[in-house]
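Worksheet for the structure shown next.
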Amino acid sequence: MNSKRMLLLVLFAFSLMLVERYFRNHQVEELRLSDWFHPRKRPDVITKTDWLAPVLWEGTFDRRVLEKHYRRRNITVGLAVFATGRFAEEYLRPFLHSANKHFMTGYRVIFYIMVDAFFKLPDIEPSPLRTFKAFKVGTERWWLDGPLVHVKSLGEHIASHIQDEVDFLFSMAANQVFQNEFGVETLGPLVAQLHAWWYFRNTKNFPYERRPTSAACIPFGQGDFYYGNLMVGGTPHNILDFIKEYLNGVIHDIKNGLNSTYEKHLNKYFYLNKPT
């Protein structure tokens with residue numbers, strides 16, 4: 001009996017050693033903000049919010065540390081872009097070319113391209129890390145305003161398949177191009193972009209929605225930053241949560257005879273749900 005007990009104890013101890021070794025080799029070490037973010041290098045700008053989220057500027061982050069972390073996580077990043085009419089012809093091709101060159105280079109990326117008509121993808125050098133998926137939005141929806149169609153369509157695709165395909169997702173406007181690397185320093189649960197013009201203005205002058213009956217209303221004397229509408233990012237779950245809140249806000253405003261902009265609803269969401 002003693003020999004059997006001894007054998008069981010030895011086997012149990014050996015099993016614990018195997019489990020410990022597995023987790024030591026496979027567990028991704030949690031990344032601390034101080035490991036890669038160096039706000040003191042840019043004393044000329046705001047580098048941290050009141051809720052201690054980093055505000056990224058060139059020179060404030062160490063991409064090498066982040067690369068080491070995310071390589072081990074084996075992530076996939078999604079980039080959704082929406083273009084209709086002249087936007088598809090004029091902006092979408094240069095956007096995709098620049099994104100293919102600068103967006104999350106070295107990582108798996110799925111481009112979700114949503115258009116209102118047939119769109120031929122530009123000639124882009126094939127890569128096993130790059131996947132392009134085009135979706136046609138039904139023409140019966142075009143009585144709605146553009147941003148509403150974009151957001152609603154994106155929400156449907158997130159719920160049906162995107163949330164199972166990517167770890168992080170960005171939604172961007174097509175009328176812009178990437179000039180430099182847009183890398184893993186931008187990843188986080190909820191990511192916003194400061195408005196380039198309003199950043200340098202007084203908070204009290206921000207063009208928030210001020211009508212009290214609007215779902216997008218931020219009362220006078222409140223608010224922290226003004227965010228631009230060219231980009232929103234985060235986990236698919238958080239993007240879907242924003243979309244639901246935005247659509248509910250639009251419905252609320254329509255019932256009250258109001259018509260606030262997408263950007264103002266976006267700012268209200270980020271006012272209540274702070275970017276990370």
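Indices start at 1 and increase along the chain as displayed.
From the backbone N, Cα and C atoms, a Cβ is placed for every residue, glycine too.
Small disclaimer: the values here were computed from a predicted structure and weren't measured.
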Subject >> Candidate set ASN74, ASN259, annotation N-linked glycosylation site, source Swiss-Prot, matching residue >> reply: ASN74
Original post:
Same-chain residues six or more away whose CB lies under 8 A from the CB of GLU263 (active site, nucleophile)?
Top reply: TYR227, GLY228, ASN229
**OP:** Let me know the most crowded of the recorded positions, choosing from ASN74, THR84, ASN175 and counting other Cβ atoms within 10 Å.
**Re:** THR84
Original post:
Do you know offhand how many angstrom separate THR84 (substrate binding site) and ASN74 (N-linked glycosylation site) by C-alpha?
Top reply: 33
**OP:** Work through the binding-site residues one by one (PHE82, TRP198) and point out the residue whose CB has the fewest other CB atoms within 10 angstroms.
**Re:** TRP198
